[in-house]
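Engineer: The transmembrane segment annotation in TrEMBL covers 19-35, 84-104, 172-191, 254-275, 287-313. Among the features that TrEMBL reports, domain 'Inositolphosphotransferase Aur1/Ipt1' is placed at 138-317.
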Amino acid sequence: MHAIALRVYVWSGSSKSRFASPIIVLAFTAGCLINRRRNDRKDYTNCLDDDVEAGEAYVDSPPLKPSLLAQPEPSVRRRAPNMVFVLLSRFFNTFPFLVEIWYWNMTYWIYQGLRAFSARMIAGNEAIFTRAQEHALEILDLEHLFGIDIEQRFQSYVMTQQAWLMPYLARIYYSHISLGVCFLVYIYTYLPPSTFRRIRRTIAADNAIAFVIVTVWRCSPPRLLPQEYGFVDILHSKAGGANAWNNNRFQLTIAAMPSLHFGTALFFAVCMCRFSPHRFMRILAPLWPAAMIITIVATANHFLTDAFIGALVPLLGWRYNRMVLILKPVQDFIFAPLISRLDLVDPNARVVPKAL
């Protein structure tokens, strides 16, 4: 029956790389078009961070986001504009969401780059991999103590009794990034800037916190435990349609703790339930973390304890999200000259980039 489940998964595993990237591109394109500049939108520029704590939600899409500079520099205004800055001014003024694409890429690829660097640094170090396996067995012992060590039995049940679910669970697992991009587009469109900024900072802080945990306390996922423990690697085995994305020398395999797949899914759901102006989205949101925890356990990628710690990471990220603001001087250094030049062409083009 395990072989049947693996064969059922082949299409989903091999199609992941074909469909994930187009979805991300389409979502970003939709975000740019939906949030193109209009003159009839409600002004949110005076929204304070207190709006977040009050849980206020807005139906209208936020207009242009505040720039870094409060006033243009007189010395810069003396320069004559050129065609390049004229075009940049019109382009970014019309599509302010383009800057969010830059922010997303920076957050995502810095995190993935650090993971890849870590993977190469520990490659071939048997002591580290042995310690990671010991940590996984410690988790199993702890869960057994509390009677919640259900991962192997649950995976076996799904693979033998509900094998038809595996392709859908695989798609759920691999849609983690794509859905995150859709979430970003949604909250940019419908939430006030102060709320959006705090959520975005929290996501960046979550990545930093998770990377520290992954580095300090390395833990093998259930799928990498010895065969006698009964776990089957569904998503990464050759029989399961593995691809270069999840099987390469830059992949950090001993990173089960914490589960950002579940922690981020839960954070998105909580944000939607608290801030979304659409009742349908508030009702639908809890289904995502529910589906994700089923997925990560059934595919033997995480223990329940990993999911629990993963759920705590966004709590810390939300509480200490302002630590991301230490990067604001870097943002100012990179973009302030560009913004000043854009102001030469169009004083209303004060949208690049939005404050952290």
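Cβ atoms are placed via backbone N, Cα and C, with glycine included.
Note that TrEMBL annotation is computational and uncurated.
Provide an account of the burial state, proximal residues and distances for the features listed.
Structural biologist: Residues belonging to the domain 'Inositolphosphotransferase Aur1/Ipt1' (138-317) score a mean pLDDT of 91 in the model.
Through the fold, the transmembrane segment (287-313) approaches residues 136, 139-140, 142-143, 148, 150-151, 154-155, 158-159, 165-166, 169-170, 172-173, 176, 179, 206, 209-210, 213, 219, 221-223, 231-235, 256-266, 268-269 of its own chain, all at least 6 residues removed from its boundaries and within a Cβ separation under 8 Å.
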Engineer: Report, as numbers and ranges, every residue of the chain located at least six residues beyond the transmembrane segment (172-191) whose Cβ falls under 8 Å of a Cβ in that stretch; write 'none' if there are none.
Structural biologist: 12, 16, 20, 23-24, 27-28, 30-31, 34-35, 57-59, 61-62, 97, 100, 104, 108, 199-200, 203, 235, 261, 264-265, 268, 271-272, 275-278, 281, 288, 291-292, 295-296, 299, 301
